[in-house]
Amino acid sequence: MRTLWIMAVLLVGVEGSLVELGKMILQETGKNPVTSYGAYGCNCGVLGRGKPKDATDRCCYVHKCCYKKLTDCNPKKDRYSYSWKDKTIVCGENNSCLKELCECDKAVAICLRENLDTYNKKYKNNYLKPFCKKADPC
């Protein structure tokens, strides 16, 4: 079952260290990252771009902006380590870029948790992303 979940996360095309990001989102929100955020709003998941639909979607927009600021690592491929201590994400890298990558993922997971009350099922499977309005630059 766990292998199936990991494969599903990989197929969604979410950027970053997919396994770690997925775990963080699950730990912080209790929601399945693929089914809950894989195609949410204009910014969550694959092809994410556009003016955020709500605070949840804004978390994903800010996350993409965070990735754009990383210069010496590849958010789509590089892997990092973190731990879950006392219900808190602790990034554990000595490499500064991997630490920043982990912090980007940590921030989006916490943001999604803090905005669970704005989660709107009508944006859950938004496959009309090409019709999202252009967002302000990061």
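Glycine too: its Cβ is placed from the backbone N, Cα and C atoms.
Per Swiss-Prot, the features are as follows:
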SIGNAL    1-16  signal peptide
BINDING   V34, G45, G48, K85  suramin binding site
DISULFID  C42-C132  disulfide bond
BINDING   N43, H63, K64  varespladib binding site
DISULFID  C44-C60  disulfide bond
SITE      R49  site 'Membrane-docking site (MDoS)'
DISULFID  C59-C111  disulfide bond
SITE      K64  site 'Membrane-docking site (MDoS)'
DISULFID  C65-C138  disulfide bond
DISULFID  C66-C104  disulfide bond
SITE      K68  site 'Membrane-docking site (MDoS)'
DISULFID  C73-C97  disulfide bond
SITE      K76  site 'Membrane-docking site (MDoS)'
SITE      K77  site 'Membrane-docking site (MDoS)'
DISULFID  C91-C102  disulfide bond
SITE      L128  site 'Membrane-disrupting site (MDiS)'
SITE      K129  site 'Membrane-docking site (MDoS)'
SITE      F131  site 'Membrane-disrupting site (MDiS)'
SITE      K134  site 'Membrane-docking site (MDoS)'
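G45 (suramin binding site) falls outside any helix or strand according to DSSP and counts as coil. Each of the binding-site residues G45, G48 was scored by the number of other CB atoms within 10 Å of its CB, and the largest score is that of G48. All protein chains considered, the CB of C44 (disulfide bond) has 29 other CB atoms within 10 Å.
Site extent for varespladib: among the recorded binding residues N43, H63, K64, the largest C-alpha separation is 9 Å.
Counting other CB atoms no more than 10 Å from each candidate's CB, the recorded positions V34, C66, C73, C91, C138 peak at V34.
For the recorded positions R49, H63, K64, K77, K85, the largest tally of other C-beta atoms within 10 A is found at H63. When the disulfide-bonded residues C60, C65, C102 are compared by the number of other CB atoms within 10 angstroms of each CB, C65 has the fewest.
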